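Only one structure is covered here, and it is reproduced in the block below.
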Amino acid sequence: SKLAALFAHPLYNIPIPEVTQKDKLFVVNPMEKFSLGHSGSDEWVSSSKAETLLPTGKTAYDTYPAWLKFHVGINRYELYPRQDPLMPTILQDLATQRIVSSVQKSGGTQLKLIMTFPNYGQALFKPMKQTRDQETPIDFFYFSDFERHNAEIAAFHLDRILDFRRIPPVSGRLVNITKEIRDITTDKKLAKTFFISPAGNVCFYGECSYYCSTEHALCGTPDQLEGSMAALLPDKTLAKRRSWRSPWRRSYHKSKKAEWELNPNYCAQVRQTPPYDRGHRLLDLIDMTVLDFLMGNMDRHHYETFEKFGNDTFLLHLDNGRGFGTHSRDEMSILAPLQQCCSIKKSTYLRLQLLATQPYLLSDVLREALAADPLTPILAEPHLQALDRRLGKVLDMVAHCLAG
């Protein structure tokens, strides 16, 4: 396994700083037992409320479902550990746990559902909108492109292979529209949008600002629909997140350019602006830029951090559905932060160099990682080939900076 060899490599075993209590997102009592509340509320209750005894021979932490262990494990330095023993279980749960509730997620431009499992875990479901080999039309603006379910799955694995580990776990899943959405939804607005198509397929379209109409309905065959299931982060009431506008955000206008597109010295300005004027925030943003360039995602207008950790923490790479839309062209403007600042973390650069070598070739390790997903193949082969080509362009740009 090339993937196992990659994760065993010394560059993937650099220790993180010691995690103290204040570096943890949650401080939990390890003796609290998880038990499902009978109040009908969607929260986990501690044993002190439920008055249940610990099963002998089991420590309380063992009673937590995988999603809760994932939440409890988040710290200042990483969303999940490198050799995370929980990961196979989390991905398995996302793909197979019974769905007990499906409601539309409010906000956002395209239809997404929040699905709840019997153990109170929740996932964000993005349905399939186009086939693996459909490229984004060349006349489409980045902001009117479809979101792709397979891009969400591939982005999670790519982020992990780059050793960023800043995207919550994502698995593919085949969902039954009738039994797992229509019949169990309590969302009245969503319920009104189901219909049977002339071909006899079950369809729905929900309510949103783009592509939520009969013409853009999501249809099963006859009621099976592919989608991505992403583990939800802890509720914002428990762990506040801060949203930051990216300095290299696009104009989201059909004819206007953003300042960074007009000013070649734009980075000097960013370097003097908090939070980019100290710490590793700018370098973290450049990591995200590399991830976005590799998958061709032009739609990174904001990013988030956990508020508890202030400015000294990793960036969350959420919402990656507009990646992997084109394999035939490389959007060099995505690399503007790297090009203009001529800065990159040494550790990131060394890993990128490693992923360009034959034993650990990026396309090979990603293909291997994606082969384990229930909806495999996740990416059409030309997308995997494009990754190696784009990685070469990133390394060329860094070499140019080093030579300069």
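Indices start at 1 and increase along the chain as displayed.
In case you wondered, yes, glycine gets a Cβ from its N, Cα and C as well.
Curation does not apply to TrEMBL; its annotations are automatic.
So that you can see what the record holds, here are the features copied from TrEMBL:
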type     : residues                                                               : note
ACT_SITE : ASP299                                                                 : active site
BINDING  : GLN110, LYS126, GLU147, ALA230, ALA231, LEU232, LEU233, GLU304, ASP319 : ATP binding site
BINDING  : GLU147, ASP319                                                         : Mn(2+) binding site
DOMAIN   : 194-402                                                                : domain 'FAM20 C-terminal'
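If you measure from the Cα atom of LEU233 (ATP binding site) to that of ASP299 (active site), you get 21 Å. The full span of the recorded ATP binding residues, GLN110, LYS126, GLU147, ALA230, ALA231, LEU232, LEU233, GLU304, ASP319, taken as their largest Cα to Cα distance, is 20 Å.
Recorded residues GLN110 (ATP binding site) and the residue listed as 'active site' have their alpha carbons 14 Å apart, per Cα-Cα distance. A gap of 9 Å separates the Cα atoms of ASP319 (ATP binding site) and ASP299 (active site).
The residue listed as 'active site' sits 10 Å from GLU147 (ATP binding site), taking the C-alpha atoms as the reference points. The recorded positions under consideration are GLU147, ASP299, ASP319. Their Cβ neighbour counts within 10 Å are lowest for ASP299. Note on GLN110 (ATP binding site): other Cβ atoms within 10 Å of its Cβ, all shown chains, come to 20. For ALA231 (ATP binding site), applying a Cβ distance below 8 Å and a minimum sequence separation of six or more within one chain yields TRP67, PHE70, ILE90, LEU94, GLY121, ALA123, PRO168, PRO169, VAL170.
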